[in-house]
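In what follows, a structure is listed as structure tokens, so that the remarks can point back to it.
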Amino acid sequence: MNSNGASSSATDGVRDSNPPKRNSKRPKYSKFTQQELPACKPILTPAIVITTFALIGIIFIPIGLASLSASERVVEIVDRYDLDCIPEQLRNDQLAFIQSSQTNKTCTRSVIVPRYMKSPVFIYYELDNFYQNHRRYVKSRSDKQLRSKASEQDTSTCAPESISSDGSPIVPCGLIAWSLFNDTYSFSFNNEVLMVNKKNIAWGSDKSHKFGRDVYPKNFQSGQLIGGATLNASIPLSEQEDLIVWMRTAALPTFRKLYGRIEEDLQPNQKITVVIENNYNTYSFGGKKKLVLSTTSWIGGKNDFLGVAYLTVGGLCLFLALVFILLYLFKPRTMGDPSYLSWNRNAAGYAD
């Protein structure tokens, strides 16, 4: 009895001397978690600051000048035609003109080449006040349906252009495809046609991975309300490059999209005749339409912003470098002793 009691007391004593461990939230020690890895801790002396600003200015200013020069060499012709391509007597009711199937939408324009334009000359259409980035518009498409014939029925995200009146799926479905741009352009000079090459105007990755070779248009633009261009039902979507270009939605309400290329040099003062089929309805939302002919340079199309940005930053840095030089010369400050910095001291608190 006593031996059992003693044994029990001894066991209780052992239990009391080993209390249960608590879960600790302390992370496992490492130099990474404790931020003790070797690091570069520069001391921003006047010499370093002035040198840095001066180097940025010296590098950025030539880049800005080169960018502006390249942009200046780009030749660009911009012709707004949405108003001029409506007959005088119908300009008070633009919506009735564009929606009527009885009105003649053919419009002939002339543009003068201001400078020599080396081929290829890129043809763009530009739309203004068209919000392709609207949330409901951007979501109104089915990427699965565009990629594979097996997903033809996948139209759940395409409302209101998802199915036809008889319940069959629309291919391609959605508002983006439904509103496909359908103005057309043809060009001539001295009664000789300038051929427009519409091959390879879309991204190769889009043609290969986003639009299937076994997917063909079906029930497209078959409803009562026609949004834009029609598609050839015998050509797979991967080869319908106008559609592929249009389906890559723009981020801003004013945008350009590639229509084609003229593979001939255009000479200065050449008068190009353009025949336009003015079909696309921008009048209902106060939009504008422009035809753009442009060459390119190593920075792309005509765009002064990049050069101006480089020049602005470079000039500002040179100005700050000059200001700091003057301050350092006329109002110098005594530098502290870097040996007192924490990372230059040993564990005992003394300088090494």
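Placed from the backbone N, Cα and C atoms, the Cβ positions cover glycine too.
Automatic, uncurated: that is what TrEMBL annotation is.
According to TrEMBL, the feature compositional bias 'Polar residues' maps to 1-11 (among others).
Long-range contacts of the compositional bias 'Basic and acidic residues' (142-152) within the same chain, counting only residues at least 6 positions beyond its ends with a Cβ under 8 Å from a Cβ of the stretch, are 158, 169, 171-174, 209-212, 214-216, 218, 237, 247. Per TrEMBL, the feature compositional bias 'Basic and acidic residues' maps to 142-152.
What TrEMBL lists as compositional bias 'Polar residues' is 153-163 (among others). Broken down with DSSP, the compositional bias 'Polar residues' (153-163) shows 0 helix, 1 strand, 10 coil.
Marked as region 'Disordered' by TrEMBL: 1-31 (among others).
TrEMBL lists 142-163 (among others) with the feature region 'Disordered'.
Look at TrEMBL and you will find 43-65 (among others) tagged as transmembrane segment.
Per TrEMBL, the feature transmembrane segment maps to 308-330 (among others).
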**Item:** Remote residues contacting the transmembrane segment (308-330) - C-beta distance under 8 A, at least 6 residues beyond either end
**Value:** 46, 49-50, 53-54, 56-61, 63-65, 67-68
